[in-house]
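The structure appears right after this line, and notes come after that.
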Amino acid sequence: VLIIAVLFLTACQLTTAETYPRGQQRHHALRSTDKNSKLTRGCTPRNGFCRYHSDCCSNFCHTWAIMCL
């Protein structure tokens, strides 16, 4: 069963490689890192309101004071 699964996945990759030449694939996988998402949505500056570490530009939210450090 494992061999069949590996062969199937290899065939899918080869088919995709033949269908879409390098750099011309229509639907790229969405890869969003925390840094990239901050560029699009902005981040909370120091002493601003936060709930999570990822809300802050510094990546540190003081949870009981509810502000970015």
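Here the Cβ of each residue, glycine as well, is placed from N, Cα and C on the backbone.
Note that the coordinates shown come from a computational prediction; the quantities given were computed from them, not determined experimentally.
Looking at the candidates C57, C61, Swiss-Prot gives C61 as the cysteine bonded to C50 by a disulfide. C43 (disulfide bond) is surrounded by 18 other CB atoms, counting those within 10 A of its CB over all protein chains shown.
Separation of the C-alpha atoms of C68 (disulfide bond) and C61 (disulfide bond): 5 Å, rounded to the nearest whole number. The shortest Cα-Cα distance from C43 (disulfide bond) to any of the disulfide-bonded residues (C50, C56, C61) is found for C56.
Sequence-distant neighbours of C56 (disulfide bond) (same chain, 6+ apart, CB under 8 A from its CB) are C43, T44, R46, G48, C50, C68, L69.
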